[in-house]
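Trainee: Below you will find the structure I want to go over with you.
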Amino acid sequence: MHFIAATALSMLAMQAQAKTVKVMVGQGGLKFTPDNIKASKGDTIEFSFYTSTHNVIQGDATKACNPVDKGGFFSGDMKVTSGKGTKTFTVKVDSTDPMYIYCGVGQHCQAGMTAVINPKADGDVKSYADNAAKADKNVTPKGDAFGGTVADAKLEPTESGSMVSTKGVSSMSPTGGAMTTGSMSGSATPTNSKAAPSSTGAASNLEGQLGAAVAAAAGLAAFIL
Ligand SMILES: [Cu+2]
């Protein structure tokens, strides 16, 4: 029992801090906004796409506009005819090592569509862009998206749920829609903060919140085990 409780608590501690970092791709020009992206281990980076066709590719640190040799991620091409696209691409951050990203469409990489996640120094963002400007090729992986999740932007739970509610409970799962609601349904946790504002939002009693959170975490643990 103690082991399960401790596991649930440590999972809770990890999840409670996780956040969604939003990055705009191609909003107002050939660029990522921001291009110096700070994310912690466990965070999710959510890319939104704007007019034109763009993609996001994890690039080789020393070969700008070329994908990493192994692993990495690729959003696939996102064609948007007007404004903000209806699809997002999300990537889970499981390390704080720098990740170099670019858009592989046309000459977008050379033109400034580069960014760095967790650069060792802020100057690395510009260095990578400078190298990209000189790259002789812009290389896009073949095939479909990999290394992340393409989703309908309107179904993102972060839009209506976890951003608004209490940190302890709702932010437990910034990304995983179906699994989250399933595993947490036994507790008093609201799946929609607007529909049930009182159960967590109004609770000023810390023990009550913690209890609910632990129950939710235990449910999650049970679900996984
Ligand atoms: Cu692009």
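We count from 1, first residue shown onward.
Placed from the backbone N, Cα and C atoms, the Cβ positions cover glycine too.
Automatic, uncurated: that is what TrEMBL annotation is.
Positions annotated as signal peptide by TrEMBL: 1-18. What TrEMBL lists as domain 'Blue (type 1) copper' is 20-117. Residues or ranges marked as region 'Disordered' in TrEMBL: 156-204. If you look up TrEMBL, you'll see 159-169, 192-204 marked as compositional bias 'Polar residues'. The compositional bias 'Low complexity' annotation in TrEMBL covers 170-191.
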Trainee: Looking only at the domain 'Blue (type 1) copper' (20-117), what is the model's average confidence as pLDDT?
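Mentor: Average per-residue pLDDT within the domain 'Blue (type 1) copper' (20-117): 97.
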Trainee: Using DSSP, what's the helix, strand and coil tally for the domain 'Blue (type 1) copper' (20-117)?
Mentor: 4 helix, 49 strand, 45 coil
